[in-house]
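First up is the structure itself, then whatever we jot down about it.
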Amino acid sequence: MIRQRTLKSIVKATGVGLHGGRKVQLVLRPAAPDTGVVFHRVDLDPPCDLPADPYSVCDTRMCSGLERNGAKVGTVEHLMSAVAGLGVDNLHVDVDAPELPILDGSAGPFVFLLQSAGIEEQKAPKRFLRVKKAVEYREDDKWVRLEPHDGFRLTFSIVFNHPAIDKTSTSVTVDFAEHSYVRDVARARTFGFMQDVDSMRAHGLALGGSLDNAIVMDEYRVLNSDGLRYVDEFVKHKVLDAIGDLYLCGHPLLAAYSAHKAGHALNNQILRVLLEDRSAWEIATFEQPGMTPAAVSHQFELAPAT
């Protein structure tokens with residue numbers, strides 16, 4: 001049986017919020033089976049609970065943000081991506097600010113935190129969301145699609161018309177029947193352009209952004225002295241974001257995801273399109289030996305409980 005997972009112990013981190021630029025304290029705690037991922041704004045009186053839920057997504061400008069009863073928590077996608085990549089189902093996330101810390105701009109530090117806490121299996125079957133028929137969402141030349149697949153595969157293509165990006169791979173397929181989240185995806189950083197900084201900061205965005213937590217480009221080149229972590233780091237970060245955005249549905253997907261020029265908004269819309277068509281999905285568990293698709297077994301063998 002493929003079981004649900006949570007943390008063995010509590011782990012803490014401190015960092016800076018990407019958009020607000022203020023210090024943020026983060027605490028990750030174990031949670032009971034079938035809890036899901038729940039964010040807690042512990043700086044509010046009374047504290048506010050914000051469960052991971054695609055219908056709570058309120059802000060998709062440059063990140064995925066959740067809102068409930070007027071309380072918000074932003075930039076959840078990198079942590080959600082790491083949680084999905086390591087197969088963690090149940091987690092309490094305490095945060096004392098309106099956004100999570102950006103850390104190094106990838107999911108790598110969150111993977112380290114989760115692995116440092118230890119991951120343990122629970123006495124409940126993992127509940128997958130299996131896509132039964134194709135669904136699609138389009139806006140102009142941007143689109144995203146989910147199709148039936150016996151595993152989890154993501155294909156993404158980007159168009160930026162920038163020399164630093166164009167000389168890298170601008171399309172990628174990550175199939176977890178073959179690839180490792182930790183090795184192949186987790187370290188891809190968010191990216192931005194110097195020409196956009198003044199405009200973003202005028203709108204209260206990217207106040208905490210720096211070369212320490214993003215790939216930054218001028219008109220021609222990458223400004224980070226250490227260069228890129230992957231030859232296709234730009235499009236790989238889009239895959240990283242998509243994994244986190246999709247995990248807001250509350251379950252690991254059995255699906256093939258494909259997207260062109262998509263972002264947080266389209267990822268949220270495709271989840272809503274899927275969930276609102278009850279004939280397009282079902283909940284699946286693998287409780288008997290031999291029932292588990294090989295792709296699923298491989299994915300969680302590469303991210304074992306510790």
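In case you wondered, yes, glycine gets a Cβ from its N, Cα and C as well.
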- Item | Which of His40, His78 belongs with His237, Asp241 in the Zn(2+) site listed by Swiss-Prot | His78
- With a radius of 8 angstroms around the mean position of the C-beta atoms of His78, His237, Asp241, what other residues of the same chain does the Zn(2+) site pick up? Glu77, Ser81, Ser106, Ala107, Ala188, Arg189, Thr190, Lys238, Leu240, Gly244
- 10 Å Cα neighbourhood of His264 (active site, proton donor): matching binding-site residues from His78, His237, Asp241: Asp241
- Just checking, which of His78, His237, His264 (recorded positions) has the fewest C-beta atoms within 10 Å of its C-beta? His264
- Note on the structure: Cβ proximity for Asp241 (Zn(2+) binding site), under 8 A, sequence spacing 6+, ordered by residue number, returns Ser64, Glu77, His78, Ser81, Gly263, His264, Asn267
